[in-house]
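Record features (Swiss-Prot):
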- C433-C485: disulfide bond (DISULFID)
- 278-362: domain 'Ig-like C2-type 1' (DOMAIN)
- 511-601: domain 'Ig-like C2-type 3' (DOMAIN)
- S133: phosphoserine (MOD_RES)
- T136: phosphothreonine (MOD_RES)
- S142: phosphoserine (MOD_RES)
- S170: phosphoserine (MOD_RES)
- S256: phosphoserine (MOD_RES)
- S261: phosphoserine (MOD_RES)
- S378: phosphoserine (MOD_RES)
- S381: phosphoserine (MOD_RES)
- S393: phosphoserine (MOD_RES)
- S395: phosphoserine (MOD_RES)
- S398: phosphoserine (MOD_RES)
- 134-156: region 'Disordered' (REGION)
- 373-402: region 'Disordered' (REGION)
- 414-503: region 'Interaction with EZR' (REGION)
- 513-603: region 'Interaction with EZR' (REGION)
Amino acid sequence: PEEICTLVIAESFPEDAGIFTCSARNDYGSVTSTAQLVVTSANTENCSYDSMGEPNSDHFQHFPPPPPILETGSYELASQKPSEIQQVNTPNLGFNMAALQMQFNSAERETNGVHPSHGVNGLINGKAYGNKSPPTPAALLSPTKEPPPLLAKPKLGFPKKASRTARIASDEEIQGTKDAVIQDLERKLRFKEDLLNNGQPRLTYEERMARRLLGADSANVFNIQEPEETAANQEYKVSSCEQRLISEIEYRLERSPVEESGDEVQEAEVPVENAAAPFFEMKLKHYKIFEGMPVTFTCRVAGSPKPKIYWFKDGKQISPKSDHYTIQRDVDGTCSLHTTASTLDDDGNYTIMAANTQGRVSCTGRLMVQAVNQRGRSPRSPPGHPHARRPRSRSRDSGDENEPIQERFFRPHFLQAPGDLTVQEGKLCRMDCKVSGLPTPDLSWQLDGKPIRPDSAHKMLVRENGVHSLIIEPVTSRDAGIYTCIATNRAGQNSFNLELVVAAKEAHKAPVFIEKLQNTGVADGYPVRLECRVSGVPPPQIFWKKENESLTHSTDRVSMHQDNHGYICLLIQGATKEDAGWYTVSAKNEAGIVSCTARLDVY
């Protein structure tokens, strides 16, 4: 991503001259850019205005050095006759006058002839001429290679030479002019945005640079500081990371129980063929505003029967009786949530969910609330109120101008959390959760209020999809209790609790034969029983085999029987010669297996 880095010198002095280097580094390398700053000192003879000067006084020939670009010089363009224009052959003025002419033309083109009081460089003072362009001094249009002349318009009479030193502008004048420059630039950007919305050409490179220097929220700041213009909420697009977070919140809310207010009237049932799941005809939008401003989320929902509406902030349901939020619903399905004065705590994701008997649907709008002084500039003084005077030294300590940029923090929020668990002793237990927040929260686990330390039986893992897991293997009776998961970051903390119940391990006992099979003989055509008794904990499973062939199911002639007391029987109705042979019965459970064999003879 691009980033514009700017070094601003509010008032230049000769000692500021030199080579300035900007370096950028990351893990993959570094890059540098170098530029030289030349500061031209003022001439020994400086100009001043004589309020009582005569019309035929000598014209002045020396000027203070021009102010640097993006600063606060305030020369006026005089629409004098060519005979009254004086040329000053000072090479150092060439670049600044070229910049002045470029800005002059740009301002005229972008404002349809209405010339702002200050341009981007702070070099223009003009007036509104309606649809007519002001007369352009001939000297500025001269195609010669000589430096363009500097035009001056004296307030009273013509300027004359004077031996006094130039007056240094006061802090109030400097600050006032800087504010005027910034205000004018914001006006131009707003005007350009209106053109863009109407399909006009895109912003130029210089305008994009100015937008980045002022910040993307320049239009909103302008609205706040000029009350005569209506402040409007600024829509913006959320990042892919925020969109994933929004999707996870909606997925969870649509599958979670909600609190019923009881105020809504129960809708009459509609025929199944006329029923329709809720859907949004107009979804919520994302807004970026300043604290103290009002904001309204609006959408329109339809469905049959009429859906019930629920509002959430960061996954937490908003009560319809909230004092801070006003919730409304019109007959056409338009739903709105409004707050008259937003605070920094209102920053977050706002979700509306519509539900009826056919299903649920939700959509989310992101609200970004910014502090009024977020851009690092002090609020402008109201009209008629001068700026407070601050001490200023030649060293120009810029400590106040290097205030840190305000970061965005989001309190941890659990997107997924487990409920109470019951696990058998000796088994594996896994507790999974997923949390969001900025910066990334740190998770800790507690058992009955005591921290859990990782060891051979307790492991804490984080998967690539952001799911945190506490794994206990094997579970013992000491692991039973109330578990607390705490997520913490710079914005705050959040937690959830669950209870783990450990079921006692059964006392396993291997099967054992109390009575074994006995060798048996039977006459052909008569019934016969092969019987035994077995015990074991848990009760064992029984398997029968004849020779090496398994008897898997009973038939009308050969059936297998078993009761709860361990009695086992193989019943053969009408034995034949083919039934003779060796029979084996096996008993098996988790603790072991045991077998017994006997012979059946048929004669």
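Cβ coordinates come from backbone N, Cα and C, glycine included.
Swiss-Prot feature annotations superimposed on the structure.
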residue: S256; record: phosphoserine; Cβ within 10 Å: 12
residue: C433; record: disulfide bond; Cβ within 10 Å: 20
residue: C485; record: disulfide bond; Cβ within 10 Å: 22
If you measure S256 (phosphoserine) to C433 (disulfide bond) at Cα, how many Å is it?
16
How many helix, strand and coil residues does the region 'Interaction with EZR' (513-603) contain under DSSP?
3 helix, 56 strand, 32 coil
Please spell out the DSSP helix, strand and coil residue counts for the domain 'Ig-like C2-type 1' (278-362).
3 helix, 51 strand, 31 coil
